[in-house]
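Positions annotated as compositional bias 'Low complexity' by TrEMBL: 518-534. The feature region 'Disordered' is assigned by TrEMBL to 506-546. What TrEMBL lists as transmembrane segment is 25-44, 89-107, 113-143, 187-205, 225-243, 264-284, 304-326, 442-461, 473-493.
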Amino acid sequence: MPGAVGAPSDCVGMGIKAALPKYEIYFYNTVLCLAMFWSASWVFEVSSSNVNRKTFKTSVKPGWYYFGRKMDTADFEWMMWFSTFREHILFALSGHVLFAKIGSMLAPQYRSLVYLVYGLLAVWTSMGWTYVTLILSHCILLYSISLVKIRWLCFITGLCTLATFKCEPFVSWQAGFVEGDFELRHILFYGGCGFTIMRCMSFALENCDRKDGNYNILELLKYNFYLPFFYFGPIMTFDKFYVQANKSDLTRKEREMWNINVQGVIYLGVILGVDVLFHFMYILTIPNDMKLLKHLSDWALVGLAYFNLVYDWVKAAVMFGVINTVSRLDHLDPPKPPKCITMLYVFSETYFDRGINEWLCKYVYDYLGGKHENVVEELVATLCTFGVTILWLGPCEVVLVWAFFNCFGLNFELWTAKFFSMEPFSSFETAMSEATSRRIRGIFNTFNFWCIVLYNILALNSLDFAKLVAKRLLLKGFPITTIIVMFVTYCLIQVIKERERRQALINDPDPLPPASPPTAASPTAAAAAPAAAAQPVVDPSKQKAE
């Protein structure tokens, strides 16, 4: 989901710093943990009892010898990265790290040229010189348009160029430029071309905003052929890449290399953990069998929907995290991994690719929406943003339905915030305690959370699976399943809000009360003054966070 503005529903009046009693937070955590384990046990039971099902044969295959169990291999992208083509990807990234390090040591001012040469050779080796020619032609076209410095012309040209990779006969004609017949050909072709167009659009729009002269086309080629970002992203806007890739001071912050190494180890641990999970819970294969889904319990079905979203976030975080670790070795500051789906309850923070999200916000959403306070401007901004997103993902029924509901959800949040900021609702909230206000907001956020889950299941699984989950949750399971699931979700929302409250107190501590005016010092006070002065000063933000 491309939106990235702060959630209006929790930024006004009482809200993010409102505290609840400790015992209440402990209760919410306990309920949430028990519900997660209970739902996971149902999914595990379904996976174990249907392991030999005919519909599972194509995706459930023999796994690690040590476990003696079959493994869910339904996600081609995950298997490609960490199993099938693991050696090829590791070899290419290791070569980039090696040559980049040599270039940084010998000629740090020319290290971006080393990135360009290695990236160009790697793309040439993997896809052929005709594919490189195709990519260069798109770069030259958008660079030529950027020299005119007409923003809307650059944008229209970029979108039309992107559309040529989404409709026939342009797709087939351009796909003919790729040499070879290997399994990754299709993915590398669309990934490299799609991200190239988005990067060229970023370059063109930044060139339009530059007042004195134009950027050199060599800067565009350095930006586009940076290998870690070339095929799979994430997208880093040109203005950030240009500054970071051309800085000559390559000194690192204290413990920066330690943090990079720790992150690498964490990603390796997550990869192994996901592979182990695939031996026991077939969360990707089960949703493809509609006959089996209709016989599952409500807990198993709800758990499948939730775990699918969590897994997709983990996959995005790990794949982008591996690439980001390599780019941080090159002294770049890449886009951060997406926010965990478990921590989301507003549409304005729902996205799985922070790079695309930042690109859309910078050039479309924030550019058209301004401060995101006017309802009409917000509607126009979201419609245009999702229009570009539809073109990026490829127009089809599932994408159109997903875009419609997410666009509606983002606007509905603003409408709701505007409505409840009017009288008499604002007076009601002012009169109640902050804790009560937080609980009421949590109830509304609970329904919002499941709207986010159902809308995004459309894109990750299928329309039929989303319909089945919604029908079981709201109709067939009503009232028992509906009330229990919503209560567990409410507990999750309050746990999220508590984490946000503690972080807010650390980032923005409340000001200390003014000191009382000095009075005549008594002998007792004078004696106590040295002892008080000797006491260490306690940071109020840390005290509150504890």
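Glycine is treated like the rest: Cβ placed from N, Cα and C.
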Tertiary contacts of the transmembrane segment (264-284), as residues 6+ beyond its ends and Cβ separation under 8 Å: 40, 43-44, 46-48, 50-51, 56, 59-60, 63-64, 67, 69-75, 78, 82, 304, 307-308, 311, 314-315, 317-318, 321-322, 325
Result, the transmembrane segment (187-205) in contact with the transmembrane segment (473-493) (3+ CB pairs under 8 Å): no
Intrachain neighbours beyond the transmembrane segment (113-143), with Cβ under 8 angstroms and 6 or more residues off its ends: 92, 95-96, 99-100, 102-104, 107, 154, 157-158, 161, 174, 177-180, 185, 188-189, 192-193, 196-197, 200-201, 203-204, 217-218, 220-222, 224-227, 230, 245, 330
Contact set, same chain, for the transmembrane segment (442-461): CB under 8 Å, 6 or more residues outside the stretch: 1, 9, 287-288, 305-306, 308-309, 312, 341, 344-347, 350, 393, 398-399, 401-402, 405-406, 409, 413, 416, 469-470, 473, 485-486, 489-490, 492-494, 497
For the transmembrane segment (187-205), distant same-chain residues with Cβ under 8 A (at least six beyond the ends): 77, 80, 123, 126-127, 131, 134-135, 138-139, 142-143, 145-146, 151, 154-155, 157-158, 161-162, 165, 174-175, 178, 215, 219-220, 223-224, 229-233, 235, 237-239, 356, 359, 363, 392
